[in-house]
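This report refers to the structure that appears directly beneath it.
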Amino acid sequence: MTDITHILSNGVVLALLCIASLTYYIIFDLYSHPSRDDWETSVKNWQIALLSLIAALPLLGLLGTIQGLLNTFELISIFDALNQQAVMSGGISSALITTKLGLVLAIPALIFRQLLLFKYKALQGLK
């Protein structure tokens, strides 16, 4: 199994990618259609949901890390730690991927959300 296949077989990674895809779709859809009649209402209505989705990304990353560490400790106990150092280092490095992914997806989403709010406030000032 290749590394990418192994990573994508993790349910937490799939949840991260799905939530991030939804979040980015909403942000970019709102940002690119300010001429819609209901645009201001849509931007206002999506703010709490967007913050919740963005906040879920690093938390899911931490959940994936905890899950990966638990799997690592389980492997150590099952194989009676024949090569404990190799199992630990490999397990910890793969466990931390979800935390990194959660942060890599959340930080730009926060920036893009803020850009959306700047655009909203700028258009409010024109009216």
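A Cβ is built for glycine as well, from the same backbone N, Cα and C atoms used for every other residue.
Fair warning: this is a prediction, and the values are worked out from it, not measured in the lab.
If you look up TrEMBL, you'll see 47-122 marked as domain 'MotA/TolQ/ExbB proton channel'. Look at TrEMBL and you will find 6-27, 48-70, 90-112 tagged as transmembrane segment.
Sequence-distant neighbours of the transmembrane segment (6-27) (same chain, 6+ residues past either end, Cβ-Cβ under 8 Å): 46, 49-50, 53-54, 56-57, 60-61, 63-64, 67, 94, 97-98, 101-102, 105, 109, 112-113, 116. Shown for the domain 'MotA/TolQ/ExbB proton channel' (47-122): DSSP residue counts in helix, strand and coil, namely 71 helix, 0 strand, 5 coil.
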